[in-house]
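Asker: Annotation source TrEMBL lists compositional bias 'Basic and acidic residues' at 504-525. Under the heading domain 'Major facilitator superfamily (MFS) profile', TrEMBL lists 78-484. The region 'Disordered' annotation in TrEMBL covers 1-34, 494-525. Feature annotation from TrEMBL assigns transmembrane segment to 76-96, 116-136, 143-161, 167-190, 202-224, 244-264, 300-319, 339-359, 371-388, 394-413, 433-453, 459-479.
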Amino acid sequence: MVAGELLQEQHVLPDSTEGNTDEEPGYKDLSNGSVHITLDPKVLEQELPPPDEKEAMLPGEQNNGELETKLYWRRFAVLAVFSLYSLVNAFQWIQYSIITNIFMDYYNVSSIAIDWLSVVYMVAYVPLIFPATWLLDKKGLRMTALLGAGLNALGAWVKCASVGPSLFWVTMTAQIICSVAQVFILGLPSRIASVWFGPREVSTACATAVLGNQLGVAIGFLLPPVLVPNTGDNKDLMGHNISIMFYGTAGVSTLLFLLTIFAIKDRPPLPPSKAQAVLSTGPAEDYSYKKSIINLFRNIPFVLLLISYGIMTGSFYSVSTLLNQMIITHYPGEEINTGRIGLTLVVAGMFGSILCGIWLDRTKTYKLTTLIVYVLSFIGMVVFTFTLNLGTLLVIFFTAGVLGFFMTGYLPIGFEFGVEITYPESEGTSSGLLNAFAQVFGIIFTLIQGQLTTDYNPLSGNIFLCAWILIGIVLTALIKSDLKRHGVNVSNTDKGQAVPTELPSEKASSDVKLESSSLHRETSI
């Protein structure tokens with residue numbers, strides 16, 4: 001109960017006398033800025049609405065009836081189609097890097113040029129994320145999804161025209177198109193989870209949406225070494241194998257674009273949760289994208305999350321991009337096993353993502369889970385770094401699996417934590433900023449670690465990442481956890497801030513102290 005509900009009750013001690021309230025002990029301290037009222041304990045068991053109930057509600061709650069929510073089966077189709085075309089986009093990101101040495105021979109270019117086929121994904125994201133999130137907020141989920149799936153298919157078909165030793169510039173152009181498609185993909189998991197899924201499944205849904213992207217990376221590690229084996233000087237056979245990979249990708253991405261047209265809608269007819277009901281009935285005309293960005297950068301816990309999320313995800317991007325060069329340095333000729341190690345890293349991370357999503361849905365311990373996963377990722381990175389040159393691939397498989405379980409499992413946790421501490425700001429905007437910082441750190445880490453690996457050895461580059469992940473642990477520990485969305489879903493609300501459904505012990509006592517500065521907001525005497 002809020003203070004206004006207490007004051008509306010006309011139950012005072014039996015010795016109270018009507019018409020003599022100016023002399024009552026319960027009112028004599030008004031001039032001192034506070035009120036001391038002793039109430040009958042039975043009053044605490046009653047909950048009556050304050051006289052001006054609208055003042056204690058969010059805009060969307062100012063209705064005469066209960067907020068109506070409903071879950072639709074279509075949400076699973078939306079999630080499945082999005083996850084699949086996100087998978088194909090991630091596959092196209094990593095398909096060059098995992099067989100860097102083969103594409104170097106085919107196009108007769110340096111390893112840095114092949115690295116840029118991965119880095120371009122990160123470079124394109126940074127300047128385009130702001131118009132992309134603006135589009136998501138203004139035009140909705142469907143338009144953004146269609147752009148992502150459509151550009152993904154277009155880039156895949158352009159790659160089919162790049163099969164030729166002198167056509168590296170064509171494959172780079174195609175990869176740029178795919179990188180633009182990625183801008184309209186990476187920010188959607190938390191939006192899809194929030195607008196289509198209920199409060200008990202939102203974190204799992206977000207983890208599943210991120211899972212599609214991770215699965216694409218896993219397949220990108222596995223299939224290219226199998227489809228495009230190292231054929232030495234036989235460039236005709238190499239080109240034939242590359243074309244099979246490119247045409248297969250184009251066909252699948254086109255099919256998924258068509259499914260996107262029919263399956264994905266902006267939002268269901270009725271919202272899935274109270275938090276979404278409050279937002280969906282609020283005044284949309286008052287929304288300002290610029291103000292939303294400013295609010296997010298003024299949110300200190302979110303800024304700390306931006307940096308720590310960027311460090312962890314950027315490290316994952318760097319390790320994924322340079323995995324072939326790290327493994328081949330110590331294990332020459334093991335291209336296929338390099339792909340399998342990458343597969344192990346990502347598949348383990350997929351299990352980590354799902355388990356973390358289920359855990360968050362059950363416990364809502366966002367900060368604790370984030371911090372634990374961060375620390376375990378650091379330990380995994382240290383172990384991977386110092387066992388890479390032991391000469392046993394079996395050890396690398398194990399350490400890569402441990403590293404992937406925690407490092408990749410962190411990705412959906414960061415998304416959901418960001419949405420929680422920034423509610424009611426747009427999920428697309430907060431997720432977009434998180435991804436933008438991830439891309440910036442990914443570019444920096446990939447270029448620096450790649451240079452360290454080339455000039456010295458993989459150990460130097462991996463130690464560089466370990467130092468940064470340690471910094472990320474410190475920043476994560478400093479984040480103040482304020483679960484605003486969860487508070488709206490489970491509690492009464494007072495102008496957007498969660499109010500406990502039960503009085504704390506100090507307020508449940510027979511002596512209740514109310515600050516006079518808050519009386520005008522709660523009720524009137």
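Quick reminder: no glycine exception, Cβ is built from N, Cα and C everywhere.
Note that TrEMBL annotation is computational and uncurated.
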Asker: At a Cβ cut-off of 8 Å, and with pairs 6 or more apart in sequence only, do we get at least 3 pairs between the transmembrane segment (116-136) and the transmembrane segment (394-413), yes or no?
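Answerer: Taking Cβ pairs at least 6 residues apart, the transmembrane segment (394-413) and the transmembrane segment (116-136) are not in contact, as fewer than 3 fall under 8 Å.
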Asker: Any chance you could find the range in 202-224, 244-264, 300-319, 339-359 with the most Cβ pairs under 8 Å to the transmembrane segment (167-190)?
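Answerer: Against the transmembrane segment (167-190), the leading stretch is 202-224.
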Asker: What residues in the same chain, six or more past the boundaries of the transmembrane segment (76-96), come closer than 8 Å to it by Cβ-Cβ distance?
Answerer: 103, 114, 117-118, 121, 145, 148-149, 152, 155-156, 159, 171, 175, 178-179, 181-182, 185, 188-189, 192, 196-197, 205, 208-209, 211-217, 219-221, 223-224, 245, 249, 252-253, 256-257, 259-260, 263-265, 320-321, 342
Asker: Under 8 Å for C-beta pairs, could you tell me which stretch among 143-161, 202-224, 244-264, 339-359, 394-413 has the largest tally with the transmembrane segment (300-319)?
Answerer: 394-413
Asker: For the transmembrane segment (339-359) and the transmembrane segment (143-161), check the count of CB pairs under 8 Å (sequence separation 6 or more) and say whether it reaches 3 or more.
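Answerer: Contact criterion not met.
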Asker: So which of 143-161, 202-224, 394-413, 433-453 has the most C-beta pairs under 8 Å when paired with the transmembrane segment (244-264)?
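Answerer: Between the stretches 143-161, 202-224, 394-413, 433-453, 143-161 has the largest tally.
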Asker: Relative to the transmembrane segment (202-224), which of 143-161, 394-413, 433-453 accounts for the most Cβ pairs at distances under 8 Å?
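Answerer: The stretch with the most contacts is 394-413.
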